[in-house]
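**Student:** One structure is given below, represented as structure tokens, and several questions about it will come after.
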């Protein structure tokens with residue numbers, strides 16, 4: 001199930017909680033994408049150095065599979081990794097579009 005969330009609230013909570021809300025958000029988004037057919041591994045990999053890069057790639061792969069079919073997972077992985085501050089905005093706006101369509 002995909003939940004519509006405010007981007008402003010997402011970033012404000014992320015800043016106020018010093019990033020903890022971003023981790024919670026990633027877990028919730030991972031669950032939502034997996035329920036739509038993605039194959040993203042457990043979020044515990046986020047806290048393990050090097051494994052978090054693998055997890056981010058699998059997240060980008062799942063994001064592309066569910067929300068952006070036909071686009072490059074590698075491109076989104078590099079975008080998410082190198083400019084990570086915009087990653088929540090990109091992902092959540094696509095999820096919001098899906099939620100509005102009733103997905």
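From the backbone N, Cα and C atoms, a Cβ is placed for every residue, glycine too.
Remember, TrEMBL labels are computer predictions, not curated facts.
Take a look at what TrEMBL says about it:
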DOMAIN    5-61  domain 'DUF4234'
TRANSMEM  6-27  transmembrane segment
TRANSMEM  39-57  transmembrane segment
TRANSMEM  73-91  transmembrane segment
**Student:** What average pLDDT does the predicted model assign to the domain 'DUF4234' (5-61)?
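**Tutor:** Average per-residue pLDDT within the domain 'DUF4234' (5-61): 95.
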**Student:** What does DSSP give as the helix, strand and coil breakdown of the domain 'DUF4234' (5-61)?
**Tutor:** 42 helix, 0 strand, 15 coil
